[in-house]
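Engineer: Please see the structure below; I have some questions.
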Amino acid sequence: MTLLHFFASSVCCFGPIYAVYKATEVSEQAGTLLLVALSSASYLCAQLLRSLVVASLAPATCHLYFVCETFTQILWGVMEIMGLYFVIHHRTALSFDADSRVLSIGLGWSFAHSLFTNLLPILSSARTVAFHWKFLYGALSANVSSVSLLTLTALVFLATRRKQPRAAATTPGILAAVLLLLPFVTSRIIVGGTPSTGPAESPAWWIQLVLHAAVSASVALFTWQLYRSRAAKGTSSQSASTSQQQGGGNGSTYPKRE
């Protein structure tokens, strides 16, 4: 029974990430696995760095707990965006097309998040004989976080594209802020600042998970439409530029980096 709990928790937590990797073009392209590994390693470095930064900048004593907690969450979100920005614009990532780059980095970031967040709970589930709802809650929460991180990767890519007006980065920036602050806001409103129960031991935890999943899915759908519309505009502008070059007698074209 312990092995059954271990395998069930592992499949629920890491299975969707592996399924997305195998079902998309990422698994068929050479070098994408290296980009996934680079993204996972960057996630670990970003977590260590932001922990040091938060420990250094956050005040040791705070009379207004909510203000300090909000400041910490905002600082954590800024550090995570900086980590994603570094990977997206790394020279290794720039050698891939936009779709493969965003998907590979998002999968690597999500896998590392699930691994370092849920590894200990999964190992502890292997030592229990009876089933507990907190293991299922943790697996579902990991899947929701994976959707949020994949969406956040696409939003950072859209907001930091080169040769675009500043107004084009406003919508991705707002959506990224919603994703980063959503867990904190729902936890404060629904669960409370200092919950007396653990995960899955109260209906409030499940309500928070459902709300988090609904908002994340909505933002992901809107981001997908925004990404496709921007990609279509980029393709049309590149085609027009190619036609002008050919009409001017210069038939050489160069790949456009985004």
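Glycine is no exception: its Cβ is also placed from the backbone N, Cα and C atoms.
OK, TrEMBL features for this one:
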COMPBIAS  234-245  compositional bias 'Low complexity'
REGION    233-258  region 'Disordered'
SIGNAL    1-19  signal peptide
TRANSMEM  29-46  transmembrane segment
TRANSMEM  73-90  transmembrane segment
TRANSMEM  102-123  transmembrane segment
TRANSMEM  135-160  transmembrane segment
TRANSMEM  167-185  transmembrane segment
TRANSMEM  205-227  transmembrane segment
Engineer: Tell me whether the transmembrane segment (135-160) sits in contact with the transmembrane segment (205-227), defined here as at least 3 Cβ pairs under 8 Å among residues 6 or more apart in sequence.
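Structural biologist: In contact, yes.
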Engineer: Using a Cβ cut-off under 8 Å, which residues of the same chain at least 6 positions beyond either end of the transmembrane segment (102-123) come close to it?
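Structural biologist: For the transmembrane segment (102-123), the list is 6, 9-10, 13-14, 17, 20-21, 24, 26, 32, 35-44, 47, 84, 87-88, 93, 96, 134-135, 138-139, 142, 145-146, 149-150, 152-154, 157, 227.
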